[in-house]
Amino acid sequence: MKRVGLIGWRGMVGSVLMQRMLEERDFDLIEPVFFTTSNVGGQGPEVGKDIAPLKDAYSIDELKTLDVILTCQGGDYTSEVFPKLREAGWQGYWIDAASSLRMEDDAVIVLDPVNRKVIDQALDAGTRNYIGGNCTVSLMLMALGGLFDAGLVEWMSAMTYQAASGAGAQNMRELLKQMGAAHASVADDLANPASAILDIDRKVAETLRSEAFPTEHFGAPLGGSLIPWIDKELPNGQSREEWKAQAETNKILARFKNPIPVDGICVRVGAMRCHSQALTIKLNKDVPLTDIEGLISQHNPWVKLVPNHREVSVRELTPAAVTGTLSVPVGRLRKLNMGSQYLGAFTVGDQLLWGAAEPLRRMLRILLER
């Protein structure tokens, strides 16, 4: 039975990962060893079997005893510990939610419903580093994997509507505080049916712009507004989040020689934990819409084709409908006015499940089954 070290299991992604591992009985198949950065010797989580007290996540000697390390501790931890561990001669498998190693030549970005062949080839070749992808990229590929598999995508534009969870737990809390502050500023007016909506709107706008409005984490109002920039600014005018779309899509698909152009604008919106994306796909040939729907819907068990009608789209193609589920609905599928090779689509997915935790959990299972 493989000794598997879990690090960062208390954080947001780590907690979702733990919940999924319990649901799928993954702990039955491993000898779990839990690590901490702050509570060495403390009590580990309840996973249905005896576990040792918490070990020091910075102890190279402890980490070296493991067959697999599964970390959701973040990029700073990876940058500090990973090189020391490899230098110490550790030959185990490193599975990581953080982006630090994502684009390294000796790392594979894992999304097995899309790139299982790439993963298997890497395992056969002795690759030891398996990294979770960017959440929007993973969710887009889960939705449109069928089109990429069929070699139909010439280029793609992704305009995103990204949830607060992508920025972290404190940001989710801040979004709710912002919503609460906006509501509190006009609660009395809302209770009075005779109050004028333009007066209410003016008061809300004043609240959003006030110094007292809680923006410590986002740096700007998100509740009742949006933020048209995610991550660092790059010299070419892209945000780093936008750069990831093409870089990671092609790395996941192992398209190093002839990359598919992917670009767009990434926007933070007031959703809690589901990212949505409006996609424009340039096909390299004219394919009937019914064939496209078949390719998409048959690609993996989680993608869900939503018919392009108003009622079902409003009901099923939203963050509220999808949050907390592994379902990746894709809808609004239609040929665009630009021509028969231009396809429009809209997709939604849980940023913490297929966007983060689930590909890591499944990578562990792939290792255990070998």
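Glycine too: its Cβ is placed from the backbone N, Cα and C atoms.
Per Swiss-Prot, the feature NADP(+) binding site maps to ARG10, GLY11, MET12, VAL13, THR37, SER38, GLN73, SER165, GLY166, PRO193, GLN351; the stated evidence is similarity to another entry. Around MET12 (NADP(+) binding site), the C-beta neighbours below 8 angstroms that are at least 6 residues distant in the chain are SER165, GLY168, ALA169, LEU352.
What Swiss-Prot records for ARG102, LYS244 is phosphate binding site, and it gives similarity to another entry as the kind of evidence. Contacts of ARG102 (phosphate binding site) defined by a Cβ separation under 8 A and a same-chain sequence distance of 6+ are given as ILE109, ILE131, GLY133, ASN134, GLU248, LYS251, in order along the sequence.
The feature active site, acyl-thioester intermediate is assigned by Swiss-Prot to CYS135. If you draw a 10 Å sphere around the CB of CYS135 (active site, acyl-thioester intermediate), it holds 26 other CB atoms from the protein chains shown.
Residues or ranges marked as substrate binding site by Swiss-Prot on the basis of similarity to another entry: GLN162, GLU241, ARG268. When secondary structure is read from DSSP and collapsed to three states, GLN162 (substrate binding site) falls in the strand class.
Shown in sequence order, CYS135, THR136, LEU139, THR160, TYR161, GLN162, ALA163, GLY166, VAL348, GLY349, GLN351, GLY355 are the residues of the chain, 6+ apart in sequence, with a C-beta less than 8 angstroms from the C-beta of HIS275 (active site, proton acceptor). Per Swiss-Prot, the feature active site, proton acceptor maps to HIS275; the stated evidence is similarity to another entry.
Neighbour counts were taken at the CB atom with a 10 A radius for the binding-site residues THR37, GLN162; the maximum falls on GLN162. For the recorded substrate site, residues GLN162, GLU241, ARG268 set the reference point as the centre of their Cβ atoms, and the other residues of that chain within 8 Å of it by Cβ are THR136, THR160, GLY166, ALA167, ILE227, TRP229, ILE230, ASP231, CYS266, VAL267, HIS275. Cα of ARG268 (substrate binding site) to Cα of LYS244 (phosphate binding site): a distance of 16 Å. Of the listed binding-site residues, namely ARG10, LYS244, ARG268, the sparsest Cβ surroundings within 10 Å are found at ARG10.
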